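Peer 1: Shown below is the structure under consideration.
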Amino acid sequence: MNKAVSDLSSHTPMMQQYWRLKNQHPDQLMFYRMGDFYEIFYEDAKKAAKLLDITLTARGQSAGQAIPMCGIPYHAAEGYLAKLVKLGESVVICEQVGDPATSKGPVERQVVRIITPGTVSDEALLDERRDNLIAAVLGDERLFGLAVLDITSGNFTVLEIKGWENLLAELERVNPVELLIPDDWPKDLPAEKRRGVRRRAPWDFERDSALKSLCQQFSTQDLKGFGCETLTLAIGAAGCLLAYAKETQRTALPHLRSLRHERLDDTVVLDGASRRNLELDTNLAGGRDNTLQSVVDRCQTAMGSRLLTRWLNRPLRDLTVLLARQTSITCLLDRYRFENLQPQLKEIGDIERILARIGLRNARPRDLARLRDALGALPELQVAMTDLEAPHLQRLATTTSTYPELAALLEKAIIDNPPAVIRDGGVLKTGYDSELDELQSLSENAGQFLIDLEAREKARTGLANLKVGYNRIHGYFIELPSKQAESAPADYIRRQTLKGAERFITPELKEFEDKALSAKSRALAREKMLYEALLEDLISQLPPLQDTAGALAELDVLSNLAERALNLDLNCPTFVSEPCMRISQGRHPVVEQVLTTPFVANDLSLDDNTRMLVITGPNMGGKSTYMRQTALIVLLAHIGSFVPAASCELSLVDRIFTRIGSSDDLAGGRSTFMVEMSETANILHNATERSLVLMDEVGRGTSTFDGLSLAWAAAERLAQLRAYTLFATHYFELTVLPEAEPLVANVHLNATEHNERIVFLHHVLPGPASQSYGLAVAQLAGVPSEVIVRAREHLSRLEDTALPHEAPKPAAKGKPAAPQQSDMFASLPHPVLDELAKLDLDDVTPRRALEMLYALKNRI
């Protein structure tokens, strides 16, 4: 980025003005308005030209040096801004605020807005179905304060967290596009590995000033009403966020009305690895196809989709809330009531973000048109909601108000299909304001006046080729061919000479020009003033409007979950106080949708008698699917949704852990095995008897003995913790665990071979698997047949020559014992053993036997 320039004396007046503004924002790109373009200069220009793939050129000189520059048309800036924001850049918008006609020297310019990835609110720059969050964090390993703001909705939350692991897990859940941290934090902390990290001055996080600014924002004396007055660190982080939002928006933020105190104890905690492995809203490739959200989200509004995503990423342990949601879904399913609500909800649209843009005073005409349509649809929707007897739905209906006065105001003000922006006018209806109507009439009737004037002048002068016209540079004119110009009347005043023509003006035309041109500019100014006043009227009603938007978003989610329950054959889970997890005919909600054949449903039963299932079976047999479907069923239950199972009975869980699949962490310098062990360590340190743990192929990233030993010890530890555990493995030796751990049971995914090909049956059956079918899976994967044949030969030789052994028994506590290696990996017999096997001891003399013994000893 540009370095600050302190000596401005050698620069031109224009560049002096530029540097005075640029020096205040050295680390951000500056769009500097010059006429119809945003110009970008110096290092900003070099960077922007590369990022936007536009031409880098030069503009004159300043301080004796050519000025690198590039530019974009101001009316096309939105697309370029969107690209820069997606690349993580922040852009300072510097507009002309002075009048070029009256300015002496450079036109006055000001920074009117700073667009950053986390504070952008323009519809074109946002993903409509995902939250756009900015976060701030303060504190240290002992305790962190975290604040999260969605400026596009007004949602503002705070919480305090102990330890880096919990903080990083929460940041993974929130996934902010910008993260503000104190400038005095040490470098290379774990949080700095995230995208969009911005260091801010330590005083931005100061608790007392933060408390004061937050109370001013919410018009309260203190924060006791929000339940967060004791959260010193979180308040400091929230104050920094509020200051950053005001700095970037350069306006009041009336849509930020409250703080919500979140608590980890209220939620089912998922760490970052578990979120990725379960593919809640992003698949492992970074896309959105074949995720849980892609299956369960058929919301009618974008704000409903965003709320559902928040629910999926923050499952709850509050039984009161969960039961209220279940009852609501049951009510909406009764007589298919959701079918009547969903088309009406679609008419509401994304009023949550529209209201935020109104609060930021950058709402566009089409935003107001959509709000008008939404308010017009509210009365009918409210009537439909009165029939919903579930208590929670009744509360939502009470919160959903109608706004007949605002609806009438917008209906009177905004034309049916307004332009995208107010810049050129044409937004307000005729009849909304009499003064505006008069000015517009004068401007719009100019064409008829010119036609009439041309006809009169032709008749008066007898010059048939006379024309009356207008251009932006010279204004109105009367044009005559050069040959007829000498016949022009005396009151024709020469204005412009062209090749083959002369242009004139008359006192009458000049008088009309003054009125018409003045009327057009005054009409535009009047319309913009009326539009701003309309926004102020709407801002005064923001609190109830935002409450209505929140209620309708939740109604949309609940209606959506009712529709999904019907069409995906989901059933209501039952929460019980007895520790258990019993699922009958459970299905994987995502896999089921992509299969062309019927999904094989399976049961699961974990309780005080069985806390762990050791799952064996062939690759591709369905072990990972079975494990993941269990986690997704439990998660869906903890958002209040129905679940893909014939029945489900469970107690509340506190965490869901998954250790399924790994890859190298190249950026962090960690191997696949190191990633696997880090995830395993996290589980072993934090799992409780109320946690659900999925462990898939632990130990496969190292040698057989090491991997088996680690897997064995980890399984023992989880059994002792009494966590609900599904432990999938290819180490057949682990199937003896139930002999030492009474809470452990074996199950397997069955398969069979037919004509040397494997057939996966996908049924979960009691007991361990009989074999692994590895070669059959390799054949199915397309491994060349000659390789398969050779592998069978090796396998046969290994099985024939391996030393026989029994399945190992669990080591006694305190006595280290390496588990025996499985036959597949057994070492080849020593050649000495081959020699001994060939000996006919009955034909060997004692002397010959002694000689052979010495010879064999020398070969060992």
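Glycine is treated like the rest: Cβ placed from N, Cα and C.
OK, Swiss-Prot features for this one:
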type: BINDING; residues: GLY617, PRO618, ASN619, MET620, GLY621, GLY622, LYS623, SER624; note: ATP binding site
type: REGION; residues: 800-823; note: region 'Disordered'
type: COMPBIAS; residues: 809-819; note: compositional bias 'Low complexity'
Peer 1: Let me know the DSSP-derived helix, strand or coil state of MET620 (ATP binding site), please.
Peer 2: coil
Peer 1: Looking only at GLY617, PRO618, GLY621, GLY622, which of these binding-site residues has the biggest number of Cβ atoms within 10 Å around its Cβ?
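Peer 2: Per the Cβ count within 10 Å, the most buried is GLY617.
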Peer 1: If we count other C-beta atoms within 10 Å, could you say which of the binding-site residues ASN619, SER624 has the fewest?
Peer 2: ASN619
Peer 1: Just name the most isolated of the binding-site residues MET620, LYS623, going by other Cβ atoms within 10 Å of its Cβ.
Peer 2: MET620
Peer 1: I want the residues beyond GLY617, PRO618, ASN619, MET620, GLY621, GLY622, LYS623, SER624 whose C-beta is within 8 angstroms of the mean position of the ATP site's C-beta atoms, in chain order.
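Peer 2: My list of surrounding residues reads THR625, LEU749, ALA751, PHE760.
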